[in-house]
Amino acid sequence: MDVTRLLLATLLVFLCFFTAYSHPPPEEKLRDDRSLRSNSSVNLLDFPSVSIVALNKNSKQISRKEAEKKRSSKKEASMKKVARPRTPLSAPCVTTRDSCKPPAPACCDPCASCQCRFFRSACSCRVLSLNC
């Protein structure tokens, strides 16, 4: 029994040493730029530097003026595009792409015809030929 305990103890010590030495060592902290440049695999001089530019009052006013012009032009364009009222249909008929099941009246467009699908469950007025 003493031999098995001795064997287990040596196995435990071996596993402790193995786990301790198998982990990578902690990296050293780099305190100055020289050591960073020498140890780094990527050269920091390859990347372009970033420059910060402060805006002056004139540039801000120009951008505001441009924004106001854009807003006013959009408002004018929306005012110009006033929706024209549609003329009311004189006869009871079905407009294009509306449902035209058999009890419904005929299609308003003379070039359109009523097409049914799925055993006449979904019917709609469609224009078949563009030359009409």
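Every residue gets a Cβ built from N, Cα and C, even glycine.
What Swiss-Prot annotates here:
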type     : residues  : note
COMPBIAS : 63-79     : compositional bias 'Basic and acidic residues'
DISULFID : C93-C108  : disulfide bond
DISULFID : C100-C114 : disulfide bond
DISULFID : C107-C125 : disulfide bond
DISULFID : C111-C132 : disulfide bond
DISULFID : C116-C123 : disulfide bond
DOMAIN   : 93-132    : domain 'Agouti'
CARBOHYD : N39       : N-linked glycosylation site
REGION   : 61-87     : region 'Disordered'
SIGNAL   : 1-22      : signal peptide
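Using a 10 Å Cα-Cα cut-off from C93 (disulfide bond), the disulfide-bonded residues that qualify among C100, C114, C123, C132 are C100. Spatial neighbours are here defined as Cα atoms within 10 angstroms of one another, and by that definition C108 (disulfide bond) has no neighbours among the disulfide-bonded residues C100, C123, C132. Mean pLDDT across the domain 'Agouti' (93-132) comes to 81 in this model. Note on the disulfide-bonded residues C107, C116, C132: the fewest other CB atoms within 10 A surround the CB of C132. Among the disulfide-bonded residues C100, C107, C125, C132, the ones whose Cα sits within 10 Å of the Cα of C116 (disulfide bond) are C100, C125. Non-local contacts of C125 (disulfide bond) by the CB criterion (under 8 A, 6+ apart in sequence, same chain) comprise V94, T95, T96, R97, D98, C100, C107, C108, D109, A112, S113, C114, Q115.
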